[in-house]
């Protein structure tokens, strides 16, 4: 036997094998990867290897047989899995840390199959700690799959991007172990969520990862996209992209039909309610994936036991890695260009500048940013860089309830707002602008999907038509037809509609309800009404009430109103600081009685409001502490404000302050406490002013009943005929009336009465 061995040894020496090969026979072993060049060369390749040592179920010492004369012996993590840890000794204090449950079993499982075995090693990456990550391929398959199938490991999400499509078999193996409740998964409870796809419509984009959808029954719910997190406000690199992500979703989803597959729930936190997480697809495309691909969101790193995640989680991780490589969105290191919109409804001055530009254009593209009520919207106009308040022309929608409990709305106000949100909110739109109102709102038409929303609102019985405004806007025929259909169907506002009411209203309607100041009038209106003058302000503008049902109803209401405020239980003041336009109850300083009033302006430093008594037209300043909220039973829905703004027709007051005061006193003298007749010559609905000629049916002495008070004031020298007329005042229908007033002016001038005491005046 020994002789045979010597023969073999002699042959080995002669052939220079092994120990007898000299310097060239030594195999060099490297114990680290040596830098990025290793991965650049070998990533994605499968090489031969030998498992020298098993440290734990997912951590090995592998010898990579890369070349004949050089091997790499490195710490290797099994790609795609994480197993429980084994017992180990802390070198700093010598204490032994016990193994986690199934940790030793997982190591024994690997040792029995791989230790000192030659295997295939597929190199896929390197961990952040510089350790090799590789798939270890046993002759019968991937060892990771076997560990997962036996419940000895869990999938490692951090390796998903290394493995790509090869991660899918590992996920399937883990699901198999969960279903069988093996080892690590023995307490596994399947999700109770019904993951069946449901169809819905997206009604609102809440943020870069959250939407509100409405199902076929009309119920709405908030949905967060599974495993996707929109840009966070607290992250400097992400925060600038919040609006971009929201706009991306708005363009993709708002108003669109989607399929929703619920994957789980997000638990409630201090800031948010519990909500469902779901996979949302539109047109067969996964919305969460598109967000990640565009760099508009990041992938949530779930806890190992968190199963409420997207079914395509690995695909999301791969898309995020690609977006990072291509420096898209939040990964670009740059902030997007911020779109700043100038609020042109902030003041009347800004609105006047912008209205000329917008009114010349037709179908101006915009975005409905917010619905304030059924007929009032905030619109963004990207190409002009402005945002504005749009008021629908020709219609009036009921007022919606305010945010606090005191701000109660009108009947069907909430329904009108709900319809506006459903049809318009966040939608692309087109607008036609006709004019502006007194506070900077833009009056015009709103089109969503090429359909007039004013028509939709009226057709649903959630708005009424203001006929004159509709005529002016050019959409009266369409709106009145829609209103008639709503009446006949007894919808909304018209649920108690009686056709006979319309006939009565037509009979009682005034000949000229309203007109444009830039028109001529062919026939003088025969619109006479019994009136009483309630106030003449410092500018000479008259406040009047119409005598009849309105004043009778006001008297009844005021009796109840005063009794209400005499009750000590109703003496509570305003809870919040009042805003301009708010209706309140106020005690008039001169008579100590309570009246309905509206806030005209506020001095917030002194906490004093300037108020207008809406039924009489007089004004005064009152401390906030003396005001009370206006109870709903006394608001303008119960009885509209009775004071009407008016000016004397074809009449101008003196410009000099001294003569002006004398003129106002004279007007008081001949009108105070008298029941008069007003001829409504023209009603300017835009300015809210009625131009009237006043007659005293009980005139005495030298004054004739047919002589107007307008003439008496001019003849007394306390007014004059304007030198410049508005277009309607120049109408032939009023020629004789103007001539009569000019004759009165000449009488006053010749007699040097009032403002003419020093001779001829030429006032503009």
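Cβ from N, Cα, C; glycine included.
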Matching range for TrEMBL feature annotation, region 'Disordered', among 428-458, 459-489, 490-520:
490-520
Name the range, of those listed as 45-187, 196-333, 577-637, that has the largest tally of Cβ pairs under 8 Å with the domain 'TNase-like' (362-496).
196-333
Overall pLDDT of the domain 'TNase-like' (362-496), taken as the mean:
91
